[in-house]
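Asker: One structure, as structure tokens, below. Some questions next.
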Amino acid sequence: LVVLGLVSWLLFTIIKTYSKNPIAYKYVKHGQTIEIIWTIFPAVVLLIIAFPSFILLYLCDEVISPAMTIKAIGLQWYWKYEYSDFINDSGETVEFESYVIPEDLLEDGQLRLLDTDASVVVPVDTHIRFIVTGADVIHDFAVPSLGIKVDASPGRLNQVSALIQREGVFYGQCSEICGIAHSAMPIKIE
């Protein structure tokens, strides 16, 4: 608003007083002074706005102590999930693979290319950290209704956090063109 107000005021003043005011003539003749003013001033305003925004972005992304961690591994062409906070009776972490349900096996009410044979089940009102990686090529773990979109790169761990505040089923897909069956990598979170 400050930048819009200043630039509008300068333009209105120059147009209104062009014939009477020698100062306005100085701005209009070659335009160097006015170009410097309305290039530098908005840049400074943007820098002043940017630094607090960067701090907020990093603080919002960081969950200090999540209540639950789920590792999502992208493989061609399915997802593998590990609940690393939970250990079964034999001392292993709980893990499972999630495949798309083929069209000929879909039941009434199931969504084509979105429903999976096994879904990620998470509690409501719990801070959840998703650790995402890829096993073969770059994938993308994206659940738009939860505000999650993070790359799954081989050899790299990326993290994203979520706080699901209502019950429901949330669908997503791999958003990276990772190969021929890219569309067959749905994500289903309950």
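Here the Cβ of each residue, glycine as well, is placed from N, Cα and C on the backbone.
Straight from TrEMBL, here's the annotation block:
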type	residues	note
DOMAIN	1-64	domain 'Cytochrome oxidase subunit II transmembrane region profile'
DOMAIN	65-190	domain 'Cytochrome oxidase subunit II copper A binding'
SIGNAL	1-19	signal peptide
TRANSMEM	35-59	transmembrane segment
Asker: Restricting attention to the domain 'Cytochrome oxidase subunit II copper A binding' (65-190), give the mean pLDDT.
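Answerer: Taking every residue of the domain 'Cytochrome oxidase subunit II copper A binding' (65-190) together, the mean pLDDT is 91.
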Asker: Looking only at residues six or more beyond either end of the transmembrane segment (35-59), which have a C-beta under 8 A from one in the stretch?
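Answerer: Same-chain contacts beyond the flanks: 2-3, 6-7, 10.
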Asker: Tell me the residue counts in helix, strand and coil for the domain 'Cytochrome oxidase subunit II copper A binding' (65-190), as DSSP assigns them.
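Answerer: So the domain 'Cytochrome oxidase subunit II copper A binding' (65-190) is made up of 9 helix, 61 strand, 56 coil.
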